[in-house]
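This report refers to the structure that appears directly beneath it.
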Amino acid sequence: CYFQNCPRGXXXAMSDLELRQCLPCGPGGKGRCFGPSICCGDELGCFVGTAEALRCQEEIYLPSPCQSGQKPCGSGGRCAAAGICCNDESCVTEPECREGIGFPRRVXASDRSNATLLDGPSGALLLRLVQLAAAPEPAEPAQPGVY
């Protein structure tokens, strides 16, 4: 079960147990479940309500509590990917999750400039974050998709 929504019996026994990492998910199992429909990883970004996050529904039925992410952020969330904070229900952009433990900048020594490499999912995530930052606030809740 997810730490935030475990039944009283399972969460009360938390002092006796150590929290385990939630189930792996996403392409190649490189992400971790943050909620029943949220899968995030350093290299992947976050999948919300997509096929990549389907496995995360299994976590609800496991008796021991789990928690993904290392650094607390936002309102009861944890840093899920570079610049993203998630709780078990949703994700938001969060500057304090941009760099640090688990989200190092990668710089190639062979590059003539000291720019950060943005390959594949990292570049796509950055582009999406820039688009989201420039977009007006949506009038209705976000639809399932890749963020």
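Glycine is treated like the rest: Cβ placed from N, Cα and C.
Just so it is clear, the model here is predicted, and its values are computed rather than measured.
The disulfide bond annotation in Swiss-Prot covers Cys1-Cys6 (among others).
Under DSSP, Cys66 (disulfide bond) is assigned to a strand (E or B) in the three-state scheme. Sequence annotations record features per position, and here Swiss-Prot assigns disulfide bond to Cys22-Cys66 (among others) based on similarity to another entry.
Counting only same-chain residues six or more apart in sequence, the Cβ atoms lying under 8 angstroms from the Cβ of Cys25 (disulfide bond) belong to Gly31, Arg32, Cys33, Cys39, Phe47, Glu52, Ala53, Arg55, Cys56. Marked as disulfide bond by Swiss-Prot on the basis of similarity to another entry: Cys25-Cys39 (among others).
Here Swiss-Prot flags Cys33-Cys56 (among others) as disulfide bond. Residue density at Cys33 (disulfide bond): 27 other Cβ atoms are found within 10 A of its Cβ, drawing on all protein chains shown.
Annotated disulfide bond per Swiss-Prot: Cys40-Cys46 (among others), in sequence order.
Look at Swiss-Prot and you will find Cys73-Cys85 (among others) tagged as disulfide bond. For Cys73 (disulfide bond), the same-chain residues lying six or more positions away in sequence with a CB closer than 8 A to its CB are Cys79, Cys85, Glu94, Glu96, Cys97.
The disulfide bond annotation in Swiss-Prot covers Cys79-Cys97 (among others) and rests on similarity to another entry.
For Cys91 (disulfide bond), the count of additional Cβ atoms within 10 Å of its Cβ stands at 23 [all protein chains shown]. Annotation comment: Swiss-Prot describes Cys86-Cys91 (among others) as disulfide bond, evidence class similarity to another entry.
Marked as N-linked glycosylation site by Swiss-Prot: Asn114.
If you look up Swiss-Prot, you'll see Gly9 marked as glycine amide, on the strength of experimental evidence.
Swiss-Prot lists Gly9 with the feature site 'Important for agonist activity on V1aR/AVPR1A'.
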Spatial neighbour of Cys22 (disulfide bond) that is closest, considering only the disulfide-bonded residues Cys40, Cys46, Cys86, Cys91 and their CA atoms: Cys40
Residues near Cys86 (disulfide bond) in space but at least six apart in sequence (CB under 8 A): Phe34, Gly35, Ile38, Cys40, Cys46, Gly69, Gly77, Arg78, Ala80, Val92
Among Cys46, Cys66, Cys85 [disulfide-bonded residues], residue with fewest other Cβ within 10 Å: Cys66
